[in-house]
Amino acid sequence: MMAKTLKIWSLNVKGLNSPGKRRLLFREMRRQQVDIACLQETRIPRSASFRLSDRRYSQVYSSCASTKTRGVNILVRNSCPFTLDTVVAGGEGRYLVVNGWLAHKKYSVVSVYAPNVPDVSFWSDLQMFISSHASGALIVAGDFNAVLFPTLDRSDASQRAVPRELRTQDKQFHRFVRALDLVDVWRSHHPTTRDYTFYSPPHASYSRIDYLLAAPSSLPELGSPAIGSITWSDHADVSMHLRLPDAGPLDSGAWTRPSGCGGGVTGG
């Protein structure tokens, strides 16, 4: 049986209100042949959500704040064999769940932008939100502003040099991942490698705070996890490939939602 491979990609874009940055984003997505893009910190308010559109990525799902802060999106390429089920936004621009079918298997893709300070309620609310609204094989992507393996995922391996608030955030993130029984896909392929996605000038250190997480049962379908370069954003992109069996054509009546904040989502 032939298999189709899709590319899932995630990036904190540090604001997309500039037309120039939006052009850079879509140029990079086309260059990398991204099928599903999870974006964080788009900073596009609800009133301007129409700005995030491209003729090759007409399926745009959003969780927006009312002002130019936060904001997460999931974009699906037109050629991607995706059939939408439901979209649920939450956290005032902090997280978004998109449920749908890929090659007749149901997936739940989640884009997350975590706060950069410890917030117990955020993690508990996020866990409950995903548990309540995700209805397929889980893929969680985003900027978590925390690391899972501090001795490997921070350039300063000495925990004494890491501020207490960062250590607290790391522990909260770790508990969240364990509670949902998720796996760090990149680390599963690179158990001892050091690589980073973000540089913090205040702390003068690099860290790997951008992740692609999935259920352990999905690991055989996931391959080629990679960390890109820090270029026009202050984060590196992260990506992986999802292998789908060729189960024949999807229903030609599959429809797409118009570009916009949530595209008819429920929630905030």
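Every residue gets a Cβ built from N, Cα and C, even glycine.
TrEMBL annotations: computationally assigned, not manually curated.
As recorded in TrEMBL, the features of this protein are as follows:
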DOMAIN    10-235  domain 'Endonuclease/exonuclease/phosphatase'
BINDING   ASN12, GLU41, ASP143, ASN145, ASP234, HIS235  Mg(2+) binding site
ACT_SITE  TYR113  active site
ACT_SITE  ASP143  active site, proton donor/acceptor
SITE      ASN145  site 'Transition state stabilizer'
SITE      ASP210  site 'Important for catalytic activity'
ACT_SITE  HIS235  active site, proton acceptor
SITE      HIS235  site 'Interaction with DNA substrate'
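With the fewest other C-beta atoms within 10 Å around its C-beta, GLU41 stands out among the recorded positions GLU41, ASP143, ASP210. Put simply, ASN12 (Mg(2+) binding site) is 8 Å from ASP210 (site 'Important for catalytic activity') when counted between their Cα atoms. The recorded positions in question are TYR113, ASN145, ASP234, HIS235, and the one with the fewest Cβ neighbours inside 10 Å is ASP234.
Same-chain residues with CB within 8 A of the center of the ASN12, GLU41, ASP143, ASN145, ASP234, HIS235 CB atoms, the Mg(2+) site residues themselves not counted, are VAL13, LYS14, GLN40, TYR113, PHE198, ILE209, ASP210, SER233. Around the Cβ of ASN12 (Mg(2+) binding site), a 10 Å sphere holds 25 further Cβ atoms from the protein chains shown.
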